[in-house]
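Annotated in TrEMBL:
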BINDING   125, 148-151, 214-216, 220, 267-270, 450, 461-462  substrate binding site
BINDING   144, 146, 368  Mg(2+) binding site
BINDING   144, 305, 364-373, 375, 398-401, 425, 452, 458  ATP binding site
DOMAIN    204-302  domain 'Glutathione synthase substrate-binding'
C-alpha cells in the first residue's frame, strides 16, 4: 500500500509544528473526551486521541466496504427475525456463557408474551482490516459486526477537518482537498428520527441509555445535537433510572418520569459487568415495551461472535437471505476463516491446530467493547486449559489478519511525540428502519477509521489502545 507521507514523517521540525496545530484544531472542533482522572466532569476535558496524519486506504477496498453495508443491514435484520436460527446457533453457547444465556432468556420471554414493538431500528458498525497477501495485494476482511452501542460516529464526524488542516500546514493542500466528507452522527440521527416519527407520538422522547460513568459523552452529544436540531426531545437515563422510575401502561407504552419514550438508544448494556439483578429487571421492562429499542435484544444476539462464526458455514447465508445471491456473494467475500470450538471432532481438531500454531489465529469470546480477544502465547495457554471442557464452546477461532503497517504519529494527551508502526481498522456505520415487514430505510451512514501501534494486538479507542483517524483513499 502506498505510504503518502514518507517525506513528512522524518521531518522532526515540521511534525512538531503540525502536532501543535493539530491538538488545538481537535479541541476547537470538539474532538473531545472527559479525562480518566475526572470521568464524570465536562469542565475538565482533553482531546480524544488521534493520528497526526490521515492513513492510506485502498480505494477499491473502501468502496467494497461501503457497497456491502446495506447487505449486512439486511442480514442482521434477517437474523434478528429468525428464532429458529438464533436458538440453534446459540444452543451450545448459552450452556456455558451466562451473559448470553440471560440475554437469550429475556428474548424468549418477550417472544412468548408477544412483541409490542412494531418499528425496528438497527444501528450497526461493520469493522474490517486490510489483509496483506503473500503477493502484497490487500483484501478486505471483516473483524466483526457491532449491533449495540457502536461508538465514535460523533467524534469521527469532526476528525477529517483536523486532518485537512494538518495537511495544509504541511504544504499538502491538494491532498487535503481529497479527504472525503464524513458525518456518521447525521446518518445515525436520521435513523433514530425516522423510528421516532414512525412510532407516532409527537410528544414522546428519545432516551439514550447511558453508562454510570461516561468519558465518551461528547461522541453521544454529537448525535443528540442532530436530534435536538430536528426538534426531537432527548433524555439521558441509566438502567438504575429505568428500574426506579420506568413503567408500562396497559398498551405497554414505556414511561420514565411521566414522559413517554418512543426510542431507546442503547449506549450501554453490552458487557456482563453492567448488570446486577435490578439492571436485568430494567432490561426486561424495556424489552417488553412498545418503544423502539436500538437494538432490541434479538438484534444484540445477532451480533454475537457465535452467530458470526455460523454465518461462514456453507449454505447459511443463502438460507438467511433467500433470493439475494449478489448480496450473499458480497457478504461472503469479506469473511475471514472462522471456526467453531463446539464439542466434537471438528472442534477438537481446530483446537489442536491452534494450540500447535497459535500465531495463525485469534481466540474470541462472546463480548463487545474491545480488549477481549486473545492472541499468541496467551491464546495457546487458554486453549490448553479449556480444550477438554465445555467452556471452550463460549469462544470462536478466527484466522489472524495480517495488515501492512505504515508509519504515523499517535497523538495522546501527556504522551511524547514519537513515530510508530501502525495498522488501521475501517468501520462502516449502517442504519436501517423496518416497520412491520417493510424496510423503510436502509443505508450506509459514514465511516470510522481507527489506528493503533502494531505492538497492541487488541482494543479500540474507548479501551485506550486505538486512536481516531481519517482515511486517505489511494
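Heads up, the Cβ atoms here are built off N, Cα and C, so glycines get one too.
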On a C-alpha basis, identify the one among 144, 375, 400, 452 that is nearest to residue 151 (substrate binding site); the candidates are the binding-site residues.
144
Among 125, 144, 149, 215, which are recorded as binding-site residues, the nearest neighbour of residue 400 (ATP binding site) by Cα:
144
Take the domain 'Glutathione synthase substrate-binding' (204-302) and count its residues per DSSP category (helix H/G/I, strand E/B, coil), listing them in that order.
40 helix, 26 strand, 33 coil
Measuring Cα to Cα, how many Å separate residue 146 (Mg(2+) binding site) from residue 375 (ATP binding site)?
21
Looking at the binding-site residues 144, 375, 452, which has the shortest Cα distance to residue 215 (substrate binding site)?
452
May I ask for the distance between residue 268 (substrate binding site) and residue 144 (Mg(2+) binding site), taken between their Cα atoms and rounded to an integer number of Å?
18
C-beta crowding around residue 144 (Mg(2+) binding site), within 10 angstroms:
20
Distance [Cα-Cα, Å, rounded] between residue 375 (ATP binding site) and residue 220 (substrate binding site):
32
Sequence-distant neighbours of residue 220 (substrate binding site) in its chain (C-beta under 8 A, six or more apart):
154, 208, 210, 214, 267
Restricting to the domain 'Glutathione synthase substrate-binding' (204-302), what is the model's mean pLDDT?
97
Find the one among the binding-site residues 144, 365, 452 whose C-alpha lies closest to that of residue 125 (substrate binding site).
144
Among 270, 375, the most crowded of the binding-site residues [Cβ within 10 Å]:
270
How many other Cβ atoms are found within 10 Å of the Cβ atom of residue 151 (substrate binding site), counting all protein chains shown?
20
I need the CA-to-CA distance for residue 365 (ATP binding site) versus residue 270 (substrate binding site), whole Å please.
13
